[in-house]
Every structure is written in structure tokens, then in C-alpha cells.
Amino acid sequence: MRINTLSLFSLVSLVPTLALASLSGSVGPLTSASTKAATKTCNVLDYGAKADKTTDLGPPLASAFADCKSGGLVYVPSGDYALSTWAKLSGGKAWALQIDGTIYRTGTDGGNMIFIEHSSDFELFSSTSSGAMQGLGYEYHKDNKWSGPRLLRLYDVTDFSVHDFILVDAPAFHFSLDTCTNGEVYNMAIRGGNHGGLDGVDVWSTNVWIHDIEVTNKDECVTVKSPSKNILVENIYCNWSGGCGMGSLGKDTDISDITYRNIYTWNSNNMMFIKSNGGSGSATNLLFENFIGHGNAYSFDIDSYWASMSSQGGNGVELSNITLRNWKGTEENGASRGPIKIVCPDGAPCYDITIEDFAMWTEDSSRQRQWYSCRNAYGTGFCLKSGSNHVAYEATTTTVSSAPSGYSAATMAADLKTDFGITASIPIPTIPTSFYPGATPYSALMANKGSTAKVRAVVAPSKPTTVAAATSTPAEQQTSTSTPAPAVEQPSQQSPGQSAGEVGGCPFGNGRSVPTGPPRAGHRHHQRHGHH
């Protein structure tokens with residue numbers, strides 16, 4: 001779907017409590033998948049693919065892409081496919097990749113199983129919300145091998161979306177967004193092994209909206225890396241994960257205007273972890289709002305001397321203009337690992353940090369106390385020092401023995417009771433319909449055509465979307481008008497090329513507005529793992 005920004009005047013007049021968006025402009029593909037499919041549909045079955053879990057999908061997928069790369073839709077129908085040679089799909093324009101089947105890794109090369117690069121106006125999706133990649137990473141991990149392939153990588157892709165898709169058990173990372181622009185990623189489930197180095201979503205890009213995603217692993221949940229600008233991360237369910245973070249940050253770090261909102265973290269290493277060791281550059285204008293956590297080792301953690309990362313030299317990465325707002329819940333052991341730990345570089349103290357409405361408490365009934373610790377950090381709240389003379393200082397720690405008011409927070413019914421280990425096949429999950437307590441996903445799953453999705457208050461008025469009947473053949477796609485629609489989606493049949501912004505996913509059409517946010521003026525024992 002295409003998301004369009006509104007003017008600041010419109011935002012302020014319609015929703016006074018919201019300020020300028022973290023995003024800098026429109027995100028998503030320029031044309032719908034049905035339009036692409038009507039131009040041309042390239043079904044991999046017509047290029048030699050077989051849904052027999054044995055025949056290599058790689059060559060048929062590459063051939064189908066070659067025929068549709070200049071405008072069209074590449075279609076992988078339902079069924080089980082083997083991928084033994086990786087697919088590098090480069091130079092596409094106005095194209096879509098619809099994967100309704102399950103792709104199983106059968107090859108052993110490194111690199112990326114599906115690598116999409118130098119493309120524009122692109123969409124990857126499953127019309128059934130059940131298309132998946134199964135990496136079978138346990139076949140590596142049970143032998144303590146961690147250098148296998150990644151599942152999905154986008155590089156230098158503009159005006160794109162990835163949605164209604166499932167990634168399971170990567171031998172290495174699951175999903176990377178590398179130097180991409182104007183993208184939207186949503187309605188996904190990512191499930192990996194319980195070990196470091198099996199990242200969920202890594203993003204170093206510009207103007208990208210990531211929302212409504214569940215991640216299970218033991219490393220990065222959704223993590224921003226450098227360089228990145230104008231990234232909005234919302235409605236994220238870190239369900240037995242490593243947790244969200246930024247980094248590792250090193251030399252010439254360039255990160256700004258990042259918002260994390262509505263982040264639910266269960267039984268993970270941390271709720272938000274900003275990690276570095278030396279380095280240079282800066283990360284500024286960061287908002288971490290509406291976080292709920294339970295059973296996590298760390299809550300908010302800035303570690304500028306992270307021991308799992310080799311020193312990068314330099315005075316350190318300068319962190320500034322950071323706001324934490326509305327954090328609730330519990331941590332595993334507040335006496336050992338307090339909910340606020342901020343360690344900034346001696347050579348580049350952090351400043352303009354604001355911590356407000358932060359209430360968390362320990363789950364350790366035998367030691368009813370917790371601490372807050374700050375070093376070289378300036379701002380307002382808890383252990384932060386005030387003042388404009390930002391000089392280095394030794395850590396100051398405050399210990400409290402009574403629970404703060406208002407710390408109690410909701411849990412999620414789907415909170416996992418155990419991890420998936422690293423020695424057995426991990427089952428393919430279904431994409432959930434809830435990612436944060438009380439928050440409705442922005443877009444209904446494509447499999448739930450008649451369901452309702454939440455509409456932000458900021459939406460351009462328009463007539464309802466007109467939906468034409470879909471046919472059952474891949475080449476004859478349905479059409480729809482590209483106007484914003486009311487909250488209730490219109491039901492329709494599923495067919496190749498039917499995509500968000502039409503009838504299957506987002507009910508808003510191409511006039512949907514950007515959500516807004518204030519512009520800030522290892523294992524069960526929680527072992528940390530170093531990589532990147």
C-alpha cells in the first residue's frame with residue numbers, strides 16, 4: 001500500500017496531541033500488486049518449479065523474475081518447495097513477489113536465500129498470510145555451526161512493502177533491510193532458535209515503517225543499525241527474544257529520528273539495548289514510548305563499553321535527545337540487573353535524556369529491591385544528572401525497596417512457556433492478530449478479508465473503496481480504486497496479485513496517512529552475544 005504524509009497543519013488541527021511524524025514521507029509501493037499482475041503474471045510452475053519439496057525452486061524463480069522484472073507479478077502458488085540454489089533478484093521495477101507456498105532450505109551455501117536488490121516499486125507478500133520460508137537452521141545449530149545462510153535480504157530497494165509473510169529457523173539472520181528507502185514491513189511472524197546471532201529484523205535504512213511483527217529468537221528482535229534515519233517501529237511482540245535495540249554502533253555512527261512505540265517484550269534479554277564500545281558519530285532524536293515488559297533480564301540499557309564488542313577506537317558514540325515515556329511491567333531480578341542502566345562514554349557523555357512515567361518492579365520475591373544507575377548521562381529523571389556542562393562522572397546508583405505505583409501491566413495470551421531450542425525443527429507459526437496489549441494492528445491480515453483494522457484519526461476524508469469481483473486465474477486480477485476506505489474492509493476472494501491497499505490487507509487505500517509521534521525538541525539465562 002502507499003502511505004501519504006499530511007501537512008503539519010493538518011496533523012496539529014486534527015490530533016493536537018500528536019506532533020510531526022517520525023517518517024519523512026510516503027512509504028510503500030507506488031502501484032498495487034493487482035495492477036502489476038494485470039500487466040504480467042509469471043507463475044513459477046510455468047518455468048519448471050514443482051511443489052514436491054525436492055525440485056530446486058531457484059532457477060524457475062530466477063526465470064520468472066527475468067520475465068516480470070520490468071513490470072509484473074512473480075507467483076509462487078501454495079505448496080511445498082525446495083530451494084537449493086539461492087535467488088538473487090536484481091534490478092526490478094514495478095514488480096511484486098507473491099509467495100503463497102512454503103520454501104524449504106535444501107542448499108548449504110552461505111549468503112542470502114532470497115536477495116532482492118536495486119529494485120523500486122516492489123511488494124513481497126502472501127495472499128493467504130501463510131506463505132513462509134523454513135530455513136531448517138537446527139541442522140546447523142545442533143552441530144554448533146552458526147555461519148549458514150540468511151533467509152531474506154533487501155538491499156537498495158525503494159518504495160516497497162513486505163507483509164503477511166513468515167520466516168522460520170534461519171541458519172543465521174532472518175530479515176535484513178540494507179540501505180532501503182520508503183518502505184513498510186508489517187504483519188509478519190519470525191521464529192528462530194534460542195541462541196545469539198539469529199537476528200529477527202535488522203534495519204539500516206531511511207524512512208521505513210515497521211509494525212505488527214512477532215519475533216521469537218535469542219538475539220535482535222527489531223534493531224536499528226547505522227546509518228538510519230526516520231524509522232518508525234510500532235506494535236512489536238518480542239516473544240522470548242533478545243529484545244529490541246540499536247547497534248552495535250561503531251565508527252561514524254549516523255542515526256536520527258527513530259521512534260519505537262507499543263513494544264511488548266516477554267522473557268527476553270532486554271526491552272531496549274543501545275550497545276557500543278568506542279566509535280564515533282551520533283544517535284539523536286530517539287523516542288521509546290509505551291513499553292511493556294515481563295521476565296526480562298534488562299529493561300532499558302545503554303552500554304557504551306559493551307564487552308561483547310571489540311573496541312572501535314574513538315571517544316565513543318554521542319547519544320542525545322532521548323525520551324523514555326510510559327514504561328510498565330516487571331524485570332526478572334531488579335537487585336542484580338536494575339531496570340535503568342545507562343553507561344555513556346567518558347569522551348562523549350549522553351545529554352538531553354528524559355525519563356517520564358517509568359514504573360517497573362522486580363519479580364524476585366526474595367529480594368524486593370532494585371536499582372537505577374547512570375554514568376556520564378545528563379537529563380531529567382531517576383539517576384540522570386542535570387546541568388549543561390556535560391563532563392564525565394562515575395556511576396551513580398540509587399536503590400529502592402518499594403514498588404513504584406502503577407507498574408502493573410497486561411500480559412499477552414500467546415506468551416511462550418518455553419523456547420524452541422536449537423536441535424530440533426521449529427514449527428511454522430501463524431501470524432498473530434495482536435502484537436501489543438490493547439492495540440489493534442494497523443492492517444488486517446490478508447487471510448482475514450472481512451475483518452476490521454484500526455484507523456488512525458489522521459486520515460483524509462473520501463468515499464469508500466470500490467471493489468470489483470476477483471477471478472480465479474492468475475492473469476485475470478481484480479481491480480480497485482485507490483482511495484482511502486472506511487475502517488471496515490470489503491470481503492473478496494483471494495487470487496494472485498491481490499494485495500494490501502486493495503482488499504486483502506490495509507483498508508486505507510493509497511490515501512492512508514502516516515502515523516505520528518513526537519519529535520524529541522543469549523539464552524534463558526540471558527547471555528549476551530556479540531556480532532555484526
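Note: Cβ is positioned from N, Cα and C throughout, glycine not excepted.
According to Swiss-Prot, the feature active site, proton donor maps to Asp219, an assignment based on similarity to another entry. Residues or ranges marked as active site by Swiss-Prot: His294. Taken from Swiss-Prot, the feature compositional bias 'Low complexity' applies to 466-475, 490-499. Per Swiss-Prot, the feature disulfide bond maps to Cys42-Cys68, Cys221-Cys238, Cys344-Cys350, Cys374-Cys383. Marked as N-linked glycosylation site by Swiss-Prot: Asn239, Asn321. Sequence annotations record features per position, and here Swiss-Prot assigns signal peptide to 1-21.
A separation of roughly 46 Å, to the nearest angstrom, links the Cα atoms of Asn321 (N-linked glycosylation site) and Cys68 (disulfide bond). The glycosylation sites under consideration are Asn239, Asn321. Their Cβ neighbour counts within 10 Å are lowest for Asn321. Taking the Cα of Cys238 (disulfide bond) as the reference point, the closest of the recorded positions Cys42, Cys68, His294, Cys344 is His294. Here Cys374 (disulfide bond) is compared against the recorded positions His294, Cys344, Cys350, and the shortest C-alpha distance is to Cys344. The recorded positions near Cys221 (disulfide bond), taking a 10 angstroms Cα-Cα threshold over the set Asn239, Cys344, Cys350, Cys383, are Asn239. In the three-state DSSP reading, Cys42 (disulfide bond) counts as strand. For Cys383 (disulfide bond), the number of other Cβ atoms no farther than 10 Å from its own Cβ, over all displayed protein chains, is 20. For Cys350 (disulfide bond), other Cβ atoms within 10 Å of its Cβ number 28. Nearest in space to Cys350 (disulfide bond), taking C-alpha to C-alpha distance over the recorded positions Cys42, Cys68, Asp219, is Asp219. Cα separation, Cys383 (disulfide bond) to Cys344 (disulfide bond), rounded: 13 Å. Cα distances from Asp219 (active site, proton donor) to the recorded positions Cys42, Cys68, Asn239, His294, Cys344 are smallest for Asn239. Comparing Cβ neighbour counts within 10 Å across the disulfide-bonded residues Cys68, Cys221, Cys344, the minimum falls on Cys68. Rounded to the nearest whole angstrom, the C-alpha distance between Cys42 (disulfide bond) and Asn239 (N-linked glycosylation site) is 37.
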